[in-house]
Amino acid sequence: MKKTLKRILFSSLSLSMLLLLTGCVSVDKAGKPYGVIWNTLGVPMANLITYFAQHQGLGFGVAIIIVTVIVRVVILPLGLYQSWKASYQAEKMAYFKPLFEPINERLRNAKTQEEKLAAQTELMTAQRENGLSMFGGIGCLPLLIQMPFFSAIFFAARYTPGVSSATFLGLNLGQKSLTLTVIIAILYFVQSWLSMQGVPDEQRQQMKTMMYLMPIMMVFMSISLPASVALYWFIGGIFSIIQQLVTTYVLKPKLRRKVEEEYTKNPPKAYKANNARKDVTNSTKATESNQAIITSKKTNRNAGKQKRRG
């Protein structure tokens with residue numbers, strides 16, 4: 001539930017920041033954008049689009065694709081770093097789940113507000129002592145750096161002179177495109193589906209809402225904007241899938257091994273409650289869970305070795 005809340009908060013934060021940065025670029029009565037983000041990043045991007053479209057004779061559709069690819073390649077390391085931080089924190093939380101289970105059980109079974117508050121405090125203390133944080137993997141700085149680029153290319157794709165009257169593969173870039181909207185929805189659904197791979201079944205059930213939320217959001221935005229913007233989101237969706245593939249099948253396995261090695265060398269300590277109503281049984285369970293983590297990881301590694309030999 002906490003990871004679901006974290007993802008919802010992260011998505012809400014991303015959307016809020018997108019709207020905030022969109023507000024930084026205003027459009028005057030003549031239909032010309034202005035503002036700090038536009039003057040700093042948007043104008044150079046618009047000039048690049050014009051250069052590829054008119055001076056190189058590639059057309060505005062291809063020009064938008066090229067500039068979008070350039071921008072996404074530039075900020076891809078930031079996106080991967082953000083994914084690395086979030087995945088590292090998630091793997092650590094998964095590793096510590098058996099250790100925190102007795103506390104979570106007390107939290108679920110709490111009958112009074114006092115008991116619930118005590119369990120929550122104990123859980124947060126245990127997480128803090130082991131270097132864990134519910135929001136530690138969000139990484140706001142990389143997102144803050146990326147958002148101006150997203151905002152600038154959004155307006156460059158929409159307001160570069162000549163784009164609204166251009167066509168690309170039979171699509172009028174100045175009008176809405178149902179075809180691109182459907183493709184974008186599929187791309188972002190695939191990206192959301194990939195993010196659920198390798199996730200425990202229990203957590204996967206909690207993430208189902210998020211799997212549909214992003215495609216729905218993209219449909220509503222794409223269907224109300226010109227095809228030039230949808231074309232930018234189409235390329236962005238491809239890059240999102242690439243980033244998610246790297247995260248799911250490259251970063252996560254490496255981080256899982258890294259976490260296992262870290263806590264094999266330095267086994268995590270069981271948290272001891274300091275309150276007066278200390279439950280000896282739960283303390284024993286925590287200690288047993290602490291040992292169970294190491295035993296479970298060793299068993300999984302031995303099983304993997306036997307499979308490879310077979």
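Just so it is clear, glycine is given a Cβ too, placed from its N, Cα and C backbone atoms.
Here Swiss-Prot flags 1-23 as signal peptide, drawing on sequence analysis.
What Swiss-Prot lists as N-palmitoyl cysteine is CYS24.
The S-diacylglycerol cysteine feature in Swiss-Prot is assigned to CYS24.
Per Swiss-Prot, the feature transmembrane segment maps to 33-53 (among others). Counting residues 6+ beyond its ends, the transmembrane segment (33-53) has Cβ neighbours under 8 Å at 21, 24-27, 59-60, 62-64, 66-67, 70-71, 148-149, 151-153, 155-157, 159-163, 166 in the same chain.
The transmembrane segment annotation in Swiss-Prot covers 58-78 (among others) and rests on sequence analysis.
Annotation comment: Swiss-Prot describes 135-155 (among others) as transmembrane segment, evidence class sequence analysis.
Taken from Swiss-Prot, the feature transmembrane segment covers 180-200 (among others), and the record attributes it to sequence analysis.
Sequence annotations record features per position, and here Swiss-Prot assigns transmembrane segment to 219-239 (among others) based on sequence analysis. Within the chain carrying the transmembrane segment (219-239), a Cβ under 8 angstroms from the stretch's Cβ atoms is held by residues 60-61, 64-65, 68-69, 72, 76, 153-154, 157-158, 163-164, 166, 168, 171-178, 180-181, 183-185, 187-188, 191, all 6 or more beyond its ends.
Marked as region 'Disordered' by Swiss-Prot: 266-310.
What Swiss-Prot records for 281-297 is compositional bias 'Polar residues'.
Marked as compositional bias 'Basic residues' by Swiss-Prot: 298-310.
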I need to check the long-range neighbours of the transmembrane segment (58-78): which residues 6 or more away from its ends have a CB within less than 8 Å of a CB in the stretch?
45, 48-52, 142, 145-146, 149, 153, 156-157, 160, 162-163, 166-169, 171, 173, 228, 231-232, 235-236, 239, 243
